[in-house]
Structure formats: C-alpha cells, structure tokens
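What follows is a short report on a single structure.
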C-alpha cells in the first residue's frame, strides 16, 4: 500500500506538469511562428515517438524484469525536455524537444500503468472486486492534480510568460523522478506464479514475443476514442482563442473538466466493478460524442460551455478509469508491461490520427468540420465498446475462485 501511495504521488506531480503545459503548447508553437498545419505536423511527430516508445518500453521492462529504473529515467527525461522547450528560439528547436518528450512520456505512461497492475494483482482475493475503485482513486487524483496545473499554468503564462510555465513543468517532473526512487519493486517470477494452463505448452521468453491479451474490439475502441479526444483537445485552445476566450479562461475551463474527472473516475471505477468495464467504456464514448457536438453548437455561450466541460469530465473519467483497469487486469505479471505498451500503442495510434487530422481539418475546412469528425469517431468507439460488452462476461458471470 505504501507503493500505491508513492505511485499516486508520482502521478500527481506528473499530472500537475501535464495540466500546466497541455492547454498552452499549441499556443506556444503558434507564437514561434507555426500555423495550424505546422502545429498538426509537430503534434503528429510527437505521437509517432509515443507510439514507438509505447511499443518498446513495456517489452523491455518485461525482458529485464524491472520497471522502476525505466520509470525514473522517463521522468528525468521529461524534466530535461521541458527545460529545453522553455529555451526554444525557433519552431525547429521546439519540434526537437517535443520528440524527446514523446519518447520519455511513453516510458512514464507505459511503466506506471504496468506497476499499478502489479500492485492491483498483489491485493489478492480481498481486493479482487475493488480493482476498478482503486484505479479510479489513482487516476482520479491525477485528474485533480491536472486541474490544479491547468489553473496555475494559464495564470503563470498571463502573469509572466509561456517559457516560465514550462520551467515549472521541468521542476515538477524532476520532483516526480526523485519520488519514484522510493518505489519498492516486487519480486518477479517467484512470489507471483501464473495460473497453470490446461494444455502444457512451451513458455516463450516474455521480452520480445508477440503479446495480445487485449481484445481487438477493445483496441479498436481505444483507437477511435483517443482519435476523437486528441483531435478535439489538440486544437481546443486555438478554437477557444478564436472565440475570444483568454488564456486564463481557457485554462480554467480545462481545469473544470479535470476537476469533474476525479469523482467521475472514482464512480466509474466502482460501477465497473459491478457492471463490467465495457459498459462504462461505452458510456465514455457516447459522452465524448455529445461533448464535441456541444463544441459545434454552444461553445460561443459561456454558461453552456461550462455545462459541456462538466460533461467532458464525466465522459473522460468513465472511459479512462475503465480502460486502464481493463488493461491492468489483463494477462499475467510477466507480460503486463507488454500489454500496457499495447494499450498505449493503440491510444498513440489514435492520437496520431487525431492530431494529424485536427490541424489539417481546422486549417482548410474550419473548426465545425473538425469537431463533426470528432463526433463520428466517438460514436464509432461507442459501437466497439458495446460489441465488447456483448462478448465479455459480466462480473457476476465470472467464477469467483481464487
């Protein structure tokens, strides 16, 4: 449980940094001279690095039997990347630092989820039916910290400058790396033995084998949902700025959604323990479809936009807590890093699609067209998760034997 608190603290620090930077990065790129299409290209290349890193870090950790050193290294690398970003004299410099950030962010996201999966597995029978709730607490606290970062980031940028905000991010990632040094790794391959298979088969080395313990419907839903979210979020600050909202206003709106995510993730995690993960995944897909429809129709009305952001928090929380729990409990400890990498690879592929299309659609066809495509992709994810629900046993149908 000490490890759970430490990992939650590491995640909290990292999410404060993410919250400070996420609403402002595209504005920073624009201030350096990038147009929407160029911004889309930079964000796309960032996600390419995420995709490559997600595919590698999890398998490397499975092969080494270690996760902590790679996690600490990833956080330290993020601190370096944001230090360099704060000093960017040109778009090209900023582009290079974003590539570094993508590689190191993949290490943090993949390995932190794998470690959390190991911790949830270690709860034993007593915690078997509370994994969703535990994941909701862990990720919900991250969203709360994201909200704090989003509120602070916009105010720092307005009061000082965007580079000052990124220096703050570098310090937070460095502190997270230092905190992660206190994590205690559990024994691998000795204390936790995989459940025997009905048929005796040779067990391959976990490091470089092809692992797919996650259903195709789940991976397809993750790709579509993340594409919708990435496309929407990547150009959201620019869209809000075009409607006349200040940096402080857009950061506060972003923070509002993140604040809602905390109780939403806890509730979604607890409900998914009762109804199954796929039900809450589908709810998250449909909720995000409604959010993007709201951006098309009522974003110019501030009171209505507040309601859209609240709904965004519930949609995001329902999907995220359920998807992370579904991934963390899949497979065995010896392949959990690879499964975590596979999940984040599908998410990165969705980000790649969303960010590539986002700036391009906004540049040539306008924001309304872009957000219409977001609605379609979110609905497609809902269909995938409903199919998954129809083909996944409910918790009450799963044998409860240890």
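Cβ atoms are placed via backbone N, Cα and C, with glycine included.
From the options 136-154, 193-211, the stretch TrEMBL describes as transmembrane segment is 136-154. In TrEMBL, the transmembrane segment annotation falls on 252-271 of the listed ranges 12-31, 252-271. For the transmembrane segment (93-115), same-chain residues at least 6 beyond its ends with a Cβ under 8 Å from one of its own Cβ atoms are 3, 7, 10-11, 14, 25, 28-29, 32, 42-43, 45-54, 56-58, 61, 67-68, 70-71, 73-78, 80-82, 84-85, 87, 183, 324, 327-328, 336-337, 339-341, 343-344, 348. Per-stretch counts of Cβ pairs under 8 Å to the transmembrane segment (364-388) identify 278-298 as the leading one among 136-154, 160-183, 278-298, 340-358.
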